[in-house]
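> Here it is: the structure, laid out below.
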Amino acid sequence: MSRSGTDPQQRQQASEADAAAATFRANDHQHIRYNPLQDEWVLVSAHRMKRPWQGQVEPQLLKTVPRHDPLNPLCPGAIRANGEVNPQYDSTFLFDNDFPALQPDAPSPGPSDHPLFQAKSARGVCKVMCFHPWSDVTLPLMSVPEIRAVVDAWASVTEELGAQYPWVQIFENKGAMMGCSNPHPHCQVWASSFLPDIAQREERSQQAYKSQHGEPLLMEYSRQELLRKERLVLTSEHWLVLVPFWATWPYQTLLLPRRHVRRLPELTPAERDDLASIMKKLLTKYDNLFETSFPYSMGWHGAPTGSEAGANWNHWQLHAHYYPPLLRSATVRKFMVGYEMLAQAQRDLTPEQAAERLRALPEVHYHLGQKDRETATIA
């Protein structure tokens, strides 16, 4: 054995590893990154952005959306599929989904007769929340006070449904590309009698990290990202927006409170005001990236609720995920197919490159005229 305690082969391997590390550049060389929140890996292949695109191009959405359409079931005064007439609402409007995926009184399946064929009870409620009475606006085109009303409605419905159900999932699918069948600004709320798969993974990961390191995973992650800065998109007094180190979608972002907060209802008035403001800035940047109404799916994750709401959930940190599909332009999207479906997620653009592009974008919406832009910038 050598004096260093390693044989020549080990020294050669160590030397080769050092040489590889010295030449590695994340923006040029493929590598895999770990997602500690959801316990999975993503393949990053930034060099693929140099290839010419010959795949599918989505059609440009040039259709003008009317401000009010009496035939649109989400508009004030419209008749919905169940025959009910919407009120003449002027802010947010919450109602039961006419075609729910979960119902509160569904019968339970019987016991399984084989471990490979298991089924369990699934009960819950599904609601729809309209953000605004007008169909021709989206969140980035709404005022900060109007978005604040949405935040308050999110907190209220979480508290209401969370009194009975262990998981309340708020999510928004924006744009036809993400399967949204109605252009009216709205989201959905599904409350379930069970923890969905992703919630279970985040529960296990956050609990394990807190047990091992003594603090919440996402609190430490936020501190590290604030120090490193390269993936930050927006920061404010109470919130930060970043492209996660492990992002799978091209311009995916994570929205986090700076303070330790477990659920939406725990947000203070100041935090809610600030959340409305930073959401407007983020979504404006999204729209400005390709000068289009940027499609995405987003949703909130917080500590479980229901009968166990009073348990110790201090390992949880409230957060929102934004998953937009666009990659190269308003008409070229990322597809999660093939390798992603059969092996693991893969991305071309690095998270650092995505964050840099989003940071550089203006916080005034491209739809505004020059005079409006100057006024908004001064304000």
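Even glycines carry a Cβ here, placed using N, Cα and C.
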> Which candidate from Q88, Q164, Q188, Q353 does Swiss-Prot annotate alongside A81, N97, D98, N173, K334, F335, M336, V337, Y339, E340 at the UDP-alpha-D-glucose binding site?
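The record-listed residue among the candidates is Q188.
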> According to Swiss-Prot, E202, H319, H321 bind Zn(2+) 2; which of H184, H186, H213, H301 is also listed for that site?
H301
> Quick one: give me the count of other CB atoms within 10 A of the CB of A81 (UDP-alpha-D-glucose binding site).
8
> Look up H186 (active site, tele-UMP-histidine intermediate) in the DSSP assignment and report helix, strand or coil.
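Going by the DSSP assignment, H186 (active site, tele-UMP-histidine intermediate) falls within a strand, counted as strand.
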> Can you figure out which of E202, H319, V337, E340 (the binding-site residues) comes closest in space to H184 (Zn(2+) 1 binding site), comparing Cα atoms?
H319
> According to DSSP, collapsed to three classes, what secondary structure does A81 (UDP-alpha-D-glucose binding site) have?
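Coil, per DSSP.
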> Test of understanding: give the count of other CB atoms lying within 10 angstroms of the CB of Q188 (UDP-alpha-D-glucose binding site).
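Looking across every protein chain shown, the total is 17.
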> Between the Cα atoms of Q188 (UDP-alpha-D-glucose binding site) and H301 (Zn(2+) 2 binding site), find the distance and write it as a whole number of Å.
14
> If you draw a 10 Å sphere on the Cβ of E340 (UDP-alpha-D-glucose binding site), how many other Cβ atoms land inside?
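The answer is 16 other Cβ atoms.
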